[in-house]
Amino acid sequence: MEGVDHLAHERNKSEFDVDAMKIVWAGSPHAFDVSDRISKLVASDPGFRKDNRSTLSRKELFKNTLRKAAYAWKTIVDLRLSEEEAAKLRFYVDEPAFTDLHWGMFIPAIKGQGTEEQQQKWLPLAYKMQIIGCYAQTELGHGSNVQGLETTATFDPQTDEFIIHSPTLTSSKWWPGGLGKVATHAIAYARLIVGGREHGVNGFIVQLRSLEDHSPLLGITVGDIGMKFGNGAYNTMDNGVLRFDHVRIPRNQMLMRVSQVTCEGKYKQSDVPRQLVYGTMVYVRQTIVADASCALSRAVCIATRYSAVRRQFGSQNGGPETQVIDYKTQQSRLFPLLASAYAFRFIGEWLKWLYADVTQRLQANDFSTLPEAHACTAGLKSLTTTATADGIEECRKLCGGHGYLCSSGLPELFAVYVPACTYEGDNTVLLLQVARFLMKTVSQLGSSKKPVGTIAYMTRVEHLMQCRCGVQRGFAELSVDLVEAAVAHCQLIVVSKFIEKLQQEIPGKGVKQQLEVLCNIYALFLLHKHQGDFLSTGCITPKHAALANDELRSLYSQVRPNAIALVDAFNYTDHYLGSILGCYDGNVYPKLYEAAWKDPLNESVVPDGYHQYIRPLLKQEIRTARL
Ligand SMILES: CCCCCCCC/C=C\CCCCCCCCCC(=O)SCCNC(=O)CCNC(=O)[C@H](O)C(C)(C)COP(=O)(O)OP(=O)(O)OC[C@H]1O[C@@H](n2cnc3c(N)ncnc32)[C@H](O)[C@@H]1OP(=O)(O)O
Ligand SMILES: Cc1cc2nc3c(=O)[nH]c(=O)nc-3n(C[C@H](O)[C@H](O)[C@H](O)COP(=O)(O)OP(=O)(O)OC[C@H]3O[C@@H](n4cnc5c(N)ncnc54)[C@H](O)[C@@H]3O)c2cc1C
């Protein structure tokens, strides 16, 4: 029945202060207040409805996304929302759109790679959305290999301009979000050519469309690259294709914090690492880790609530069947994902600190932690997105057949999320960067340069390297093993930072105890999953492995009474979850049944096409093959 909490009995089992855990999940009382207020604002405004997405055509879907983006912007302006509140509103609108790239990449690129003068010119226009930007780096022929990009930017000293050109088909910009139909400007990455000499890939601000009638400017060919994975999902985003035909831009539209070109045509490289040109990608990778905890926690919330609602088998003398959440197999699949959601939340908090710290150091020309920041953002982006994409799919399976319904929210969540394993760096390519960092660290063992921070533990392998220092096989030859070592390195960071989180003051009855249980589940589940490596290297004995298994089962039993409260702590509205299976009150079956009849296919009891195709079949009016 409506208004009845079908999960009340589960909520009454909780052994900790859920409101206190909500603050821990949000990060602070202030962050909780902003999230709670804005999520409810979005949920209560019919202008942000999203339950019809799977029934719209691509063009209807895209136009609806533009409407919502404009409506969101109007809401932000009318309510005078702060930058933090506005970001939260865009998050809870929950629809990939051009604004993700305008706010998430175009603006950060100007802030990170533009000079003070360039920031003063372009940021006010971007913040007021008087221009809409995208990040145009990837090309048809190159994405991972940034140094392989083919677009050219040739300096013309006669006119003090750069000529931006797409020399080949494969140099066409391909994938940039927001590019296809909306962006008026791009940060385009191109090979800088000055006086016939190449100076690597740099970023250039290029206007793409008229601010009067939105038509593409002279020399610009631009459009959408077409439908992507899934129906609604990421098709709300106009990922685009862009070709330049000798497009001229003023010299001062090359982002010049890292490298400069003078009006005399002199190329100058600042005394900063050239990799700062990649700074926007590092920034986005750390935000993607926080996004991973959001996406995984959504899926886990849905699967946990539904696992408590769903009963199957086990009825004794006509009594109620067993809740599937009580099956040990269901717990062994679900609770490690619940623990991962919390683990990724805390590693996301730490990575945000690491990024802020390296940014502050860069301002003082201190580049000492840049390699570690690159390795951590690359590795943790790879680890958390892979685990989250796999976790969302596991949550769909944990919900049985109903998990495959769009009304469960899981198919769309999966379809929107999985590209995170590719965008902002293919996950394997990024792990290879971590592996390169680890090997460089190992090669420096024994020198005066002692490993610190997240690689401090590597001093312990020093003895290994000394006895094996002569044995070196090619990086490429060992890359599979090195990628596994990179994953293990990142997992160690996640576990370490979870443990460090527990050493902080954590208010609320039973809250720290619950987090300790989740931390132990996360760590022991990894040990169980990789026990072959731990056993073969002698890190643990078979008895240790058995003890870990026993402890995991015990920990699952400890989580069980708190599972619903632990997902309630995410404080997601039913609107944001977009899932009948995950609705707060657990009143699933009536809602599933009601939703079915709303499908357009049920607008008529006799389907279109019956008289044309089915009736002739049934009436044998179609010659049938001799049976
Ligand atoms: C239904 C609801 C759904 C809810 C879920 C929603 C979830 C999503 C929510 C929000 C979405 C947010 C919006 C996201 C939208 C998508 C955005 C995507 C945008 C993009 O994809 S932009 C393009 C990204 N492209 C890449 O990442 C390219 C990857 N390739 C590279 O980074 C580089 O090519 C490379 C690093 C792999 C190699 O570079 P290269 O110059 O060749 O360098 P190397 O020779 O390998 O190394 C040399 C040296 O440099 C060091 N180094 C490399 N990179 C960096 C760096 N970034 N910073 C610092 N140092 C770096 C490297 O370590 C070497 O050092 P050494 O010499 O060893 O000391
Ligand atoms: C939804 C979505 C949104 C995007 N948005 C943007 C955007 O806004 N702006 C933008 O510029 N780009 C964007 N991209 C592009 C994205 O950044 C690239 O697709 C991504 O960097 C991967 O590069 P790639 O496509 O060249 O993959 P590839 O590198 O071609 O990967 C193909 C395979 O090759 C393997 N591989 C590649 N190099 C190596 C190597 N050295 N060693 C071992 N294996 C290797 C990879 O692991 C992978 O298995 C987007 C992509 C998607 C899917």
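Placed from the backbone N, Cα and C atoms, the Cβ positions cover glycine too.
Classification of GLU424 (active site, proton acceptor) by DSSP places it in coil, neither helical nor stranded. Residues or ranges marked as active site, proton acceptor in TrEMBL: GLU424.
Per TrEMBL, FAD binding site is recorded for THR138, GLY177. All protein chains included, THR138 (FAD binding site) registers 18 other Cβ atoms within 10 Å of its own Cβ.
Computed over the domain 'Acyl-coenzyme A oxidase N-terminal' (17-132), the whole-number mean pLDDT of the model equals 95. Feature annotation from TrEMBL assigns domain 'Acyl-coenzyme A oxidase N-terminal' to 17-132.
Per TrEMBL, the feature domain 'Acyl-CoA oxidase C-alpha1' maps to 278-439.
Annotation source TrEMBL lists domain 'Acyl-CoA oxidase C-terminal' at 462-619.
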Let's check the environment of GLY177 (FAD binding site): how many other CB atoms sit within 10 Å of its CB?
25
Secondary structure composition of the domain 'Acyl-coenzyme A oxidase N-terminal' (17-132) [DSSP: H/G/I, E/B, coil]:
90 helix, 0 strand, 26 coil
Write down the Cα-Cα distance for THR138 (FAD binding site) and GLU424 (active site, proton acceptor), rounded and given in Å.
10
